[in-house]
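According to TrEMBL, the protein carries these features:
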type: DOMAIN; residues: 44-119; note: domain 'Inhibitor I9'
type: SIGNAL; residues: 1-21; note: signal peptide
Amino acid sequence: MAHRSLLIILSLIFIITTISSSSSSMAEADSSVPEHVSAPASVHIVYTDRPQHEELEVYHLRTLSSVLGSEEAAKGALLYTYKHAACGFSAKLTPKQVEELSKLPGVLQVVKDGTMKLHDSPAKLHTF
């Protein structure tokens with residue numbers, strides 16, 4: 001039982017660290033692109049509130065279409081709807097769309113998708 005609790009705690013710490021690193025990386029990357037240059041869309045994970053009286057995918061499509069301009073565009077950009085461990089979706093978004101989506105009510109966080117390494121080499125491991 002204690003082993004399972006420790007595993008859950010370590011997993012949560014890893015997720016929070018990954019989200020924090022991704023958020024700061026995204027902010028640095030977005031600030032380096034001049035506004036007049038149209039940046040390409042990349043995959044982002046959008047964490048949202050869980051709707052009370054609406055189907056999850058319908059809510060996510062409505063949220064996304066409010067930024068992209070149409071339900072058809074939202075369906076084209078939507079990649080996956082997260083239902084279990086977190087509430088949200090992944091979609092291909094430009095930096096401008098990320099900025100607009102981040103301001104919407106019910107949107108908790110928008111994080112650029114990416115692969116993270118826990119450690120680069122055994123020499124960087126720290127013991128406590």
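Every residue gets a Cβ built from N, Cα and C, even glycine.
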Overall pLDDT of the domain 'Inhibitor I9' (44-119), taken as the mean:
92
Counting each residue once, how many in the domain 'Inhibitor I9' (44-119) are helix, strand and coil under DSSP?
28 helix, 22 strand, 26 coil
